[in-house]
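Down below is the structure, laid out as structure tokens.
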Amino acid sequence: MVAVESSVINLPLMPWSLVWMAPYLAAVVIAVGWLLGVRRESFYGWVSVAGILVSALFSTYLAKLVLVDGKTVHVGADSVWIPHLGVGWGSYFDGLSAIMSLVVSWISLLIAVYSIKYMEGDWGYGRYFFMISFFVGSMMLLVVADNLVLMFVGWEGTGIASYALIGHWYTDEEDYWVGRPGRRVLGTPMFFEPSHSAVRAILFTRVGDIGFLIGIAALYITAGTLSIPELASTAHVWLAEFAGQGVLPLLLLVFTLGALAKSAQIPFHEWLVTAMTGPTPVSALIHAATMVKAGVYFVLRFTPIIVTGALAVGAPEVLGGVNSYFTLLAWIAVLTALLLSLMALVSDELKLILAFSTASQLGYMILAAAAGGIVASALAGGSAAELAGEGVAAGLGHLVSHAVFKAALFLAAGWVIHAAHSRFIDHMGGFARYMRLTALAFWLSGLSLAGVPPLSGFFTKEEVVAVAYKAEPFIGGLAALTALLTAAYTARMIIRVFHLPPYEKGVEEHLHEAPPLMLVPYTILAFASLVLGLWFTGFFDTLSKAVTLSLAVEEALVKFKVTSLTYSVVAGVLASIALVAGLYMVLRVDFRRIIREYSIASAIHGFLYDRMYFNAIVYIVVLGGGGALVAALQELDLGIDLLYHSILVAAGGGLAFLARKIYRGRTDYIIALYIVSLAFAALAAYAAFEDKIGPLLRILGG
């Protein structure tokens, strides 16, 4: 049941590939300007903005062809890059890639505009905008690529860009660190410099990318193609082949490792929470529009392909393998959502709270797609494919909603941190008096994150919880519990920053509203979250149409329904916010005193504050185990060197000495002895294997 493609529009490679090429071209212009010695900062910023704007305009027109006209657009379908693999430079626009390209390009544009003022006077200004442009171009390429090789190029491009931008301030001044300086757990530092965090990001994600590459190779060997549309149409073939070999769930999981690492799912989440060392607009870009959304996009792209292929085969081993894969994926996602929300409850760094929330919300998105896959593979008939589409639509809806409110939160946080001269919320407080619009933007986007109606986050989060509950009530219950925790840490963050006195003395003089070039982008995004919520029927209709027009989806109906579960979750969310507000603003509870005086409270706080020791365990296992492995391999290497350069040399010398004692020349004798030895060896072999060699010799002899 693959989406009908009778109305495919084929467009030439140029100019339509500017949808992803334009930001790359902007990066080239920036590099040339830097080489020519252009000193004017605004040149670099506005060139980057112009490149992203061109990409956004092309995305909008192509999305109109898909979402309004109901077409599928294939750009450069006949282009050739690697002939032997059948790989070209093509871009494929269906409903999913159309929505994603709009989200990536327009939100990146607002972040780039904000960055012009935020990065003013920075010593790496030109380098920053070069990498921003490269980052956006790579993400756009990843989203629209029509084959896995081109997708992987964009995939790795986002990794390189994130490495450079997370480590932008590579001189490692303490102001740019993440974590409390000097804090250690199990001997492992819990504070991270920009250069350290950048290396962590690229190493954590590269581990997952190995699995992605293995999956690409396995698919090419089995399916004979790397084209994503062709993989969709032949999914029943390669799924059956993998199931026949008994490796289907394992191979699907390995193929998805890159997505899990990119989207910071347990156990790969550690790179994301320490990626806050870069400039704040970089955090907004990574968390809202690029990088971490790449993994979610991958899952949303391949979930309907896998489900539709499995349903087409219909064999129990295929359906069972697919069900096992989606069940494991759902558990990884819901545990990430739950555990990271617990960590956010006690964090005292503003951007770190937002980072925890990002990983948690990414878990929601992946959970939605996985839940749809569980239901579809379990039903294996009737409306199974439509239910899978519903899960994909729920995940895509929350991706869009999260991109909007999380970009607003990070950009607003960038100004708050700049004004406070501190990343710690202990040094912030009462800021609503000085920056009313920023406080309003924070409340609108924060309540959307918390899932409060009528903001967009409420509708998309409820749809995720509902889909998860259909798949497995217990998983749905954990997703609902996560919603309550999300509301609690969001309320704590906003109340402490904007409405309470600071715990520790911070900057009070010269506090004021953000400059217009910074204020306008996050205000637009915050109100967009409200507009999407008020327009939720049209929003959900657009999502349904987009997913229905995507590869391997027959129909995806997303209609918001108020159920008893909805009432329960909303009541819990509002109660969480009220409880936090009451504890902080009415009762004035001093949680720091409670933590100091009660050992149980201190232990729980320390466990959550130190991220449940995940980071320490990773370092102990990887560095400790890796160090032991390196030492063992070094000893083995020394042993081999000793064998070849000492023992064998000495043995050879000894044999030569003995040979000279026995015989001192006559090459003809040596040759004769060699021939006689060979003859005896041949006779011995014949005697030992006469029953096998004899018939063969008789055949050869005629």
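A Cβ is built for glycine as well, from the same backbone N, Cα and C atoms used for every other residue.
Pulled from TrEMBL, these are the features on record:
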DOMAIN    84-129  domain 'NADH-Ubiquinone oxidoreductase (complex I) chain 5 N-terminal'
DOMAIN    195-485  domain 'NADH:quinone oxidoreductase/Mrp antiporter transmembrane'
TRANSMEM  16-36  transmembrane segment
TRANSMEM  95-116  transmembrane segment
TRANSMEM  235-259  transmembrane segment
TRANSMEM  325-346  transmembrane segment
TRANSMEM  353-379  transmembrane segment
TRANSMEM  399-417  transmembrane segment
TRANSMEM  437-455  transmembrane segment
TRANSMEM  475-495  transmembrane segment
TRANSMEM  516-536  transmembrane segment
TRANSMEM  565-587  transmembrane segment
TRANSMEM  612-630  transmembrane segment
TRANSMEM  642-659  transmembrane segment
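Cβ atoms under 8 Å from those of the transmembrane segment (353-379) belong to residues 259-260, 263-265, 269, 272-273, 275-276, 283, 287, 292, 295-296, 299-300, 303, 306-307, 310-311, 319-320, 322-323, 325-327, 329-330, 332-338, 340-341, 343-344, 347, 385, 387-392, 394-395, 398-399, 402, 406, 409-410, 413, 425, 449, 461, 463-464, 467-468, 470-472, 475, 479, 482, 486, 489-490, 493 of the same chain, restricted to positions at least 6 beyond its ends. Ranked by Cβ pairs under 8 Å to the transmembrane segment (399-417), the stretches 16-36, 95-116, 612-630, 642-659 are led by 95-116. Below 8 angstroms of C-beta separation, residues 107, 110-111, 113-114, 116-118, 400-401, 404-405, 407-408, 411-412, 414-415, 437-438, 440-442, 444-445, 448, 453-459, 560 of the same chain, each at least six residues beyond the ends of the transmembrane segment (516-536), sit close to that stretch. Taking Cβ pairs closer than 8 Å, the transmembrane segment (95-116) reaches residues 19, 42, 45-46, 48-49, 52-53, 55-56, 59-60, 62-63, 66-67, 128-129, 132, 136, 139-140, 143-144, 279, 281, 284-285, 288-290, 293, 297, 300-301, 392, 396, 399-400, 403-404, 407, 411, 414, 517-518, 520-522, 524-525, 542-543, 545-551, 553 in its own chain, all 6 or more past its ends.
With a cut-off of 8 Å between Cβ atoms, the residues of this chain six or more beyond the transmembrane segment (325-346) that come close are 248-249, 252-253, 256, 260, 264-266, 269, 273, 299, 303, 306, 353, 356-357, 359-367, 369-371, 373-374, 377, 468, 471-472, 475, 478-479, 481-482, 485-486, 488-489, 492, 605, 608-609, 611-612.
Taken residue by residue, the domain 'NADH-Ubiquinone oxidoreductase (complex I) chain 5 N-terminal' (84-129) breaks down under DSSP into 31 helix, 4 strand, 11 coil. Just going by CB pairs under 8 A, the stretch in 235-259, 437-455, 475-495, 642-659 that sits most against the transmembrane segment (565-587) is 475-495. Same-chain neighbours of the transmembrane segment (235-259): 155, 205, 207-216, 218-219, 222-223, 294-296, 298-299, 302, 305-306, 308-310, 312-313, 315, 317-318, 321-322, 324-325, 328-329, 366, 552, counting only residues six or more beyond its ends whose CB sits under 8 Å from a CB of the stretch.
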